[in-house]
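Asker: I have a structure I would like to understand better, so I am pasting it below and will then ask my questions one at a time.
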């Protein structure tokens, strides 16, 4: 550190004091504190003027460089400086000699850092990046708020859905009861159909017995018909034999007639040739023609009566056989129709029974499936409820994390706002000081874990560098904690309080 002081006195009783002080903080130092006691020069005499210049430079990689000037005016004298402003006692109202200090002719080595503008530019870029990060944090907070609203909407929807799902159990129970009643009805129908099937089977057995009896009667009738046909054939053969005998007898009678006629003619010829008178007793009176005619008539009568009786008997038998055949055929046809009808009824009842059995099996399967689906739905609902509760718990945890991050982001935003306001205030104070000039300022730069206060407003932060300045133009002090750009981003806690000291501390 270098410090120079100059004193100039004029002949008109005006004394000017000039001082120069430069301080360079170590490069790797973590805490640098430079303080300058304020000079409160008060003089009621004329011609007192003081001027001071001080340069503070911290060449560390993470710290800022700050140059501060102070001004304090009295009633008749002015002084400039950090440590001790030029103080001059009251001078007598006489002409004094002028003394020139040759050392003032040498150029002042203010040791102004040429990289100060670059450092300021870097600080501006850091502020811009911090603002960008803050905007990103704000967007993230908005996105997380949207996600929170979405999760709340989902949670309300799932709660409503849970209420809807709670009504599924009575619905399933009612449906199962309906299926059970239908199954009972099907069982009753199956019992009724089984009794009807037994009755139909009994009727079928009766019809089968009747059919067998009719078949036996038909076989008996056919046997009788065969016997009658044999009798008819025998009668026809007998008739043929009789007709043949009749023809033979007719031929024989015709032969005998011709023979007798020839004998009679021969005898008549002999008789005509001889005249013999014979007297004989012909009491027998045998007339062959009458006998033959009578026999022939009797034979014809017997033959005609036999033919008529045979024909009538044959016709009657044929009519009886035809009637029997027609009757048995009609009975057989009706029996066949009844058998076909019974077969169709049996097939229909069998199909209905099979259909009832299939329907019963389907209903039992449907009841079992409905019970399984109900159990599966209930288990699925329980699983979904557990998942939703887990998701709700996770959402609450995520919400807590998001709220924590949001609080951290808001803390970062608040710190950045305070930092920006502090930098703006420092710049405005520096410009005001350069334009008007004020008293001396105490500046303290430190790196610590502390809080920030601004006009009674305190704010606690993470470890950083603290810059403390002494009395300002408004009669207060400014304390600034600059964020350590090399430190990792960590959660920060904050608190604010207001007072009269007008100190600012930010992270």
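Placed from the backbone N, Cα and C atoms, the Cβ positions cover glycine too.
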Asker: Select, from 140, 229, 239, 362, the one residue given the annotation SUMO1 cross-link by Swiss-Prot.
Answerer: 229
Asker: Just counting, how many other CB atoms are there within 10 A of the CB of residue 229 (SUMO1 cross-link)?
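Answerer: If we count other Cβ atoms within 10 Å of residue 229 (SUMO1 cross-link), we arrive at 13.
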Asker: In the predicted model, what is the mean pLDDT computed over the region 'Head' (1-123)?
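Answerer: So the average pLDDT across the region 'Head' (1-123) works out to 49.
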Asker: Sort out the residues at least 6 away from either end of the region 'Coil 1A' (124-158), same chain, that have Cβ-Cβ distances under 8 Å to it, and list them.
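Answerer: Result: 384, 388, 392, 395, 398-399, 402, 405-406, 409-410, 412-413, 416, 419-420, 423, 485.
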Asker: For the region 'Coil 2' (287-430), what are the DSSP-based totals of helix, strand and coil residues?
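Answerer: Within the region 'Coil 2' (287-430) the tally stands at 143 helix, 0 strand, 1 coil.
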